[in-house]
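Database features (TrEMBL):
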type     : residues : note
DOMAIN   : 327-432  : domain 'FAD-binding FR-type'
TRANSMEM : 21-43    : transmembrane segment
TRANSMEM : 69-89    : transmembrane segment
TRANSMEM : 123-144  : transmembrane segment
TRANSMEM : 174-194  : transmembrane segment
TRANSMEM : 215-237  : transmembrane segment
TRANSMEM : 252-271  : transmembrane segment
TRANSMEM : 283-300  : transmembrane segment
TRANSMEM : 551-578  : transmembrane segment
TRANSMEM : 590-609  : transmembrane segment
Amino acid sequence: MDPQRPAAQGGGGKRAMRAAIAALAAAVFGGYLVLLVAMPTYAYKHTWLPALRAKTATTYFGTNQGANILVFTSPVVVIALLGCVYLHLGKNNNSHIKNIKSGEGENRIEIWKRPMIIKGLGIVSRIELAFFLMFIALLIWNLATYLFNDFARITTISAARSGEKVWEAKLDMAALRLGLVGNIALTFLFFPVTRGSSVVQFLGLTSEGSIKYHIWLGHIVMTIFTAHGLCYIIYWASTHQISEMVKWENTGISNLAGEISLVAGLFLWVTTFPRIRKRMFELFFYTHYLYILFVFFFVLHVGISYASIMLPGFFLFIIDRYLRFLQSRQHVRLVSARVLPCHTVELNFSKNKGLNYSPTSIMFMNVPSISKLQWHPFTISSSSSLESNDISVIIKREGKWTTKLIDLVASPTPPDRLDVSIEGPYGPASTDFLRHDLLVMVSGGSGVTPFISIIRDLIHTAETLKNPTPQILLITAFKNSADLTMLDLLLPISGTPPHLSNLNLQIEAYVTRQKKPQTPPQDSKFVRTVLFKPSPTDAPLASTLGNDNSWLWLAAVIASSFIIYLVSIGILTRYYIYPIDRNSNRVYSTAARAAIHVALICAAVAAAAKAGFMWNKARVGKETMQIRNMEGATPTSSPPCCDVEKEMESLPQLSLAESINVYYGERPDLKRYLFERKESSVGVLVCGPRKLRRQVAHICSSDLAENLHFESISFSW
């Protein structure tokens with residue numbers, strides 16, 4: 001009997017289960033979209049919704065809340081749970097890099113992934129553009145259908161009964177319907193920024209894609225809500241009801257709460273525009289916390305029943321945010337730093353051996369001695385396959401925060417240790433680089449960072465696992481020759497095989513601002529390694545919910561917190577609110593009811609997430625203690641830190657140096673590099689300035705580039 005056959009059968013069974021789960025999730029999401037499409041129709045409002053409310057009206061959830069939870073909140077929670085199971089079944093792969101060659105079906109999909117450059121949207125694939133247009137069509141359909149049905153009922157006589165002109169009555173109705181449509185857009189706003197969400201991973205969204213979609217949705221939401229508010233202000237001013245702006249009704253809509261929410265959103269929105277964000281990043285960073293006021297007063301404005309439409313996305317965001325908070329409370333052990341002559345450092349942290357992540361993942365870092373509030377994202381440069389006990393990031397001097405950090409670490413007398421908190425890592429569940437015959441990586445300046453993690457992972461695949469890997473062509477451009485030392489970081493401090501004979505790697509490096517090599521100062525010939533002293537209060541970086549079953553634990557947290565919320569609000573409604581209001585929705589304060597719901601959601605999330613986090617923290621405690629004991633074995637008389645200087649072409653780099661060609665005073669001819677490749681499948685990865693990414697995207701969108709498969713990768717410093 002073939003001993004590999006049971007394993008193969010088990011793998012086939014998992015693939016079948018994953019396919020079934022994906023189909024079920026797609027069916028649930030399809031039904032959810034049908035509801036969003038049907039919302040403005042007469043049949044939904046006058047037939048389906050009344051019948052559903054009649055069947056779900058209870059003394060535990062009132063007349064409206066039960067129906068909205070059933071049709072709007074529950075489907076998204078179910079999709080999140082299915083996503084957790086799907087990701088768990090696909091987790092136990094030997095590598096995060098899939099080795100799947102493109103078939104005929106995949107080739108048809110690749111056509112839809114071809115890049116396009118759209119003014120206002122940037123670089124998008126045809127799939128992204130199609131979904132964007134469908135989403136806009138959904139919003140237009142809802143608004144147009146609402147207005148068509150409402151305007152048909154507005155006549156000169158009906159407007160005169162209310163003491164209004166026809167245009168004023170229509171403006172009033174248009175303002176209301178804009179608010180309803182804005183809530184649909186708000187429903188999706190928080191999904192892309194829920195970093196550890198199963199929904200994001202289930203859909204295969206990258207960090208760059210998630211940020212891009214969040215920006216699109218944010219602009220759409222604030223445009224609609226701003227129009228909603230302006231229409232009401234014009235209407236109130238025209239009908240001499242400007243006092244309505246400060247009204248806070250006991251039941252129903254609270255105008256003042258809506259205005260507070262809108263003002264908070266406008267302050268947040270203004271700082272997101274590129275000119276302000278780039279020049280005043282700290283202002284952008286701190287004003288983003290206004291989302292708390294924006295969402296809270298929005299819920300008070302519309303009431304919890306209507307807010308249930310956008311509630312599931314924010315519910316998943318709260319779970320993720322609280323788990324990140326729990327993880328960030330523990331300082332992470334900083335092992336060492338490699339200081340480069342080009343004002344760049346690589347920080348190496350200790351991590352739990354079972355913590356795995358994919359290439360191009362990111363993590364968020366906080367250094368309290370620099371700023372207790374600021375968190376900065378950094379692209380991970382290490383490979384969990386090649387470096388099982390370490391995780392590293394590369395930081396270049398770019399802004400005030402990074403300048404302070406590099407000056408601190410690279411000083412002649414660096415500190416004994418550094419308190420650092422980390423959230424993450426976050427990244428795709430897997431990547432599919434191995435399906436290509438050739439990988440062309442194009443970077444500009446610090447954009448080489450994510451490619452370092454990819455190359456390290458491919459080194460493990462080729463040299464340790466002895467599996468075939470595609471050819472690798474790295475085309476990178478730097479301003480000065482000192483920046484070439486960044487290529488030294490392609491190999492980690494430890495874990496590198498002695499030879500790179502199985503990896504077909506070629507590096508074309510361009511120095512654009514120097515005509516010829518320059519003799520660097522004596523100090524610039526060395527990469528300095530700074531070792532930090534261990535502290536009993538530090539711990540290796542670990543997953544918030546364990547390593548082996550983290551997705552199942554997340555599913556447990558989502559399910560249990562949702563159940564706790566439903567049970568607690570049911571009991572509170574039945575024995576406190578119902579005796580007062582009797583399901584009339586005319587006695588008990590709408591805002592107070594909404595505030596209670598928000599408080600119970602937060603309490604349920606805190607209880608479930610804390611329990612899951614503490615349980616898994618105890619489980620990984622043994623490994624943490626083993627690492628601490630090994631570090632504690634270091635003689636106490638050792639210096640707090642020490643500097644180790646290494647030649648830039650030390651032993652591990654010798655074979656790598658043979659693969660590097662350096663060109664001075666010119667820029668790479670990207671058209672020549674890409675159009676000359678005749679391989680059947682060429683993966684083109686680009687990371688760097690906006691102009692570079694657009695240039696590569698334009699080349700890959702050409703009819704002459706059918707074998708080029710474009711992917712833009714974000715990087716963070």
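Each Cβ is built from the backbone N, Cα and C atoms, and glycine gets one as well.
Caution: TrEMBL annotation is automatic and unverified by curators.
Counting residues per DSSP class in helix, strand and coil order gives 12 helix, 41 strand, 53 coil for the domain 'FAD-binding FR-type' (327-432).
Sequence-distant neighbours of the transmembrane segment (69-89) (same chain, 6+ residues past either end, Cβ-Cβ under 8 Å): 14, 17-18, 21-22, 24-25, 28-29, 31-32, 35, 52, 56, 61, 197-199, 201-202, 308-309, 311-313, 315-316, 429, 549, 551-552, 554-555, 558-559, 562, 566. Confidence in the domain 'FAD-binding FR-type' (327-432), given as mean pLDDT, stands at 90.
Three or more CB pairs closer than 8 A are found between the transmembrane segment (174-194) and the transmembrane segment (123-144), so contact between the two stretches is assigned (pairs 6 or more residues apart). As a quick check, the transmembrane segment (252-271) and the transmembrane segment (21-43) miss the bar of 3 or more Cβ pairs under 8 A, pairs 6 or more apart, so the two do not touch. Where the transmembrane segment (21-43) meets the stretches 123-144, 283-300, 551-578, 590-609, the count of C-beta pairs under 8 angstroms peaks at 123-144.
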